[in-house]
Amino acid sequence: YIFQGMTVAILGPTFQDLARNVNRNISSLSEIFVGRAFGYLSGSVLGGILFDCMNHFLLLGMSLVATTVGLYIIPFCKKAVLLIVMMSVFGVSFGMLDTGGNVLILDIWGDEGAPHMQALHFSFALGAFLAPLLAKLALGTTVSAENHTEPDFQPPATNGSSEADSASLFGLPDDMNLLWAYAFIGTYVFIVSVFLFALFFKKSSRQEKSKASAQGYRRAEYHKSLLCLLFLFFFFYVGAEVTYGSYVFSFATTHAGMEEREAAGLNSIFWGTFAACRGLAIFFATCLQPGTMIVLSNIGSLASSLFLVLFDKSPLCLWIATSVYGASMATTFPSGISWIEQYTTVSGKSAAFLVIGGALGEMAIPAIIGIVQGQYPDLPIVLYTCLGSAISTAVIFPVLYKLATLPPNRQQKANRNSEY
């Protein structure tokens, strides 16, 4: 999961460089989020179907190899369409890994797997924290942020090479640091895939299937309604998380007037507090119920997003609120999966359905924000979106809790009817 966090977060600080590579400006390249999320959506569906009929080590290993190929090719893309396709390729891997990883944790530990679920998602946050450091602070940057924010931006032609670049699909990036950042992550992903293939040759999925069949199965009275509401919950949550993590770098340089290194630091502090709180959540999950952790996360998200909107041009306030916002968003997704498992069994298809909700949020919300922000460059549209999403999740969860905690006699009656 570390590689997944790195590949998600690397897009934020390298977004401007990728736009320069394909002769596009940021607002006109928001389709890149649609492409990545569409692949994520497809991978979630395929993962939910294939996970029960195919060795999961082999499936995950193949998805990581596809991700490796995409990461190596992305810096060489000179056409926006090709770049979007490559983003879709490892979006498929994201979906498969999300579905497979969550179902594995639930199959092994069931409703007692909250700490393990938090540990799984902590590795994602750790990778997301390291990515901006790798992209901007460690490898550096050679491109000015100001040039990338102009609506009519065109990269400077060098020795008449722009015509050749426009005729080719691939070419060396103008900033070689972009190449090294993606190549480093791609190499790490490939090494992880080798370990998964090794596990495939050593172990059989029959043992895991026997464990899964031994697990008790329960179904809540409003099983489908709970899944649909949690689908919407993850839609807003994941959409806000990806939107802020992807646009905070560009927002800080254009709206708040920060330097690139400061903006990269702001991006990293978001993912850093995100990762730190997911790490602490491994221990908190042993003494706190998943529902309690969700409520605390909702309160923190509401307060910090409101603070961001009110003090959007104050650098100090941005640092504080971004830290709190990242910490508040950290435990929501794994806590949501653990919470629903307490009331109804989450199968492979159910997990895929929930992951699809997050994928649609990741696809729709950042893409819309990119278009709207281009039309209203003076407004902090990103911050308004985060506040709206926080309000939505805060309203949806009490309804979820009410449906899940029906009187015991009605629950038992529904279970008896299902048994007969």
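Glycine residues also receive a Cβ, built from the backbone N, Cα and C atoms like all the rest.
A Cβ distance under 8 Å defines the sequence-distant neighbours of the transmembrane segment (32-50), meaning residues of its chain 6+ beyond its ends; these are 11, 15, 18, 59, 63, 80, 83-85, 87-100, 242, 246, 348-349, 351-353, 355-356, 359-360, 362-364, 366-367, 370. According to TrEMBL, the feature transmembrane segment maps to 32-50 (among others).
Here TrEMBL flags 57-74 (among others) as transmembrane segment. Same-chain residues lying 6 or more positions outside the transmembrane segment (57-74) and placing a CB less than 8 Å from one of its CB atoms are 3, 7, 18, 43, 47, 50-51, 83, 86-87, 89-90, 92-93, 96-97, 100, 170, 182-183, 185-187, 189-190, 192-193, 196-197, 199-200, 203, 205.
For the transmembrane segment (80-98), the list of distant contacts is 1, 4, 7-8, 18, 21-24, 29, 31-32, 34-47, 50, 59-60, 63-64, 66-67, 69-71, 73-74, 169-170, 355, 358-359: same-chain residues at least six beyond its ends, Cβ to Cβ under 8 Å. Under the heading transmembrane segment, TrEMBL lists 80-98 (among others).
Summarising the annotation, TrEMBL assigns transmembrane segment to 119-139 (among others).
Marked as transmembrane segment by TrEMBL: 179-201 (among others). Within its own chain, the transmembrane segment (179-201) is flanked in space by residues 2-3, 6-7, 10, 14, 55, 57-58, 60-61, 64-65, 67-68, 71-72, 74-76, 131, 134-135, 139, 172-173, which lie at least six positions past its ends and keep a Cβ under 8 Å from the stretch.
Away from its own ends, the transmembrane segment (226-249) comes close to residues 8-9, 11-13, 15, 33, 128, 132, 220, 263-264, 266-267, 270-271, 301, 322, 325, 329, 332-333, 336, 340, 343-344, 350, 353-362, 364-366, 369-370, 373, 382, 385-386, 389-390, 392-393, 396-397, 399-400, 403-404 of its chain (Cβ-Cβ under 8 Å, at least six residues beyond either end). Annotated transmembrane segment per TrEMBL: 226-249 (among others), in sequence order.
The transmembrane segment annotation in TrEMBL covers 295-312 (among others). Sequence-distant contacts of the transmembrane segment (295-312) (same chain, at least 6 residues past either end, Cβ-Cβ under 8 Å): 240, 255-256, 318, 320-322, 324-325, 327-332, 335, 380, 383-384, 386-387, 389-391, 393-394, 397.
Sequence-distant contacts of the transmembrane segment (318-340) (same chain, at least 6 residues past either end, Cβ-Cβ under 8 Å): 102, 106, 111, 113-114, 117-118, 120-121, 125, 226-227, 230, 233-234, 237-238, 240-241, 244, 248, 252, 256, 266, 269-278, 281, 284-285, 289-291, 293-294, 296-301, 303-305, 307-308, 311-312, 346, 351, 354, 358, 386, 393, 404. Positions annotated as transmembrane segment by TrEMBL: 318-340 (among others).
Annotation comment: TrEMBL describes 352-375 (among others) as transmembrane segment.
According to TrEMBL, the transmembrane segment annotation covers 381-401 (among others).
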Report summary line: Long-range Cβ contacts under 8 Å made by the transmembrane segment (381-401), restricted to residues 6 or more beyond its ends, are 226, 229-230, 232-233, 236-237, 239-240, 243-244, 247-248, 251, 291, 294-295, 298-299, 301-302, 305-306, 308-309, 312, 325, 332, 365, 369, 372-373
